[in-house]
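A.B. asks: What follows is a single structure, and I will ask about it in a moment.
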Amino acid sequence: MLTINSIKNGIVIDHIQAGHGIKIFKYLGLEEADYRVALIMNAESSKLGKKDIIKIENIMEIDYKVLGFIDPTITIDVIENETIKEKIKLELPKTIENVIKCKNPRCITSIENYIPNEFYLVDEENGEYRCKYCDEIYSGGDINKL
């Protein structure tokens, strides 16, 4: 039997698409953490079938826009004294900056490295973003491109 204790203070990143948990874990640099962290993969879920969960025994700064871009179904639970203080449901952010790079070699961001890569959401249903400078379309949510 698998037992993972509750955390006293920290955050739980829940409802991660199965298989994406390890990539989010690495993106957040949690393999270097000096506090307790649990990555649960392929947990049963009534909504998703299977899901990943990350439990972090520490309050840390996380860019919710990036997590929403990776997977808008993620829920963040902020835990204090072993109870959920706040539940944050993520969604696709309207804009993202320096999360992905424009793939257009003629884009100003490819030529001038000091210009931030900025994208804005153009199709929420398909998760498509458009480069602010050259209008190149990027389909969001592909964690492999981070």
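Each Cβ is built from the backbone N, Cα and C atoms, and glycine gets one as well.
Below are the features I grabbed from Swiss-Prot:
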type	residues	note
BINDING	Cys102, Cys107, Cys131, Cys134	Zn(2+) binding site
A.B. asks: Taking the center of the Cβ atoms of Cys102, Cys107, Cys131, Cys134 at the recorded Zn(2+) site, which other residues in this chain have a Cβ no more than 8 Å from that point?
C.D. replies: Lys103, Asn104, Arg106, Ile108, Thr109, Ser110, Asn117, Lys132, Tyr133, Asp135, Glu136
A.B. asks: Using all protein chains shown, find which of the binding-site residues Cys131, Cys134 scores highest when you count other CB atoms within 10 A of its CB.
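C.D. replies: When each Cβ's neighbours within 10 Å are tallied, Cys131 tops the list.
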A.B. asks: For each of Cys102, Cys107, count the other CB atoms within 10 A of its CB; which of these binding-site residues has the top count?
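C.D. replies: The largest 10 Å Cβ neighbour count belongs to Cys102.
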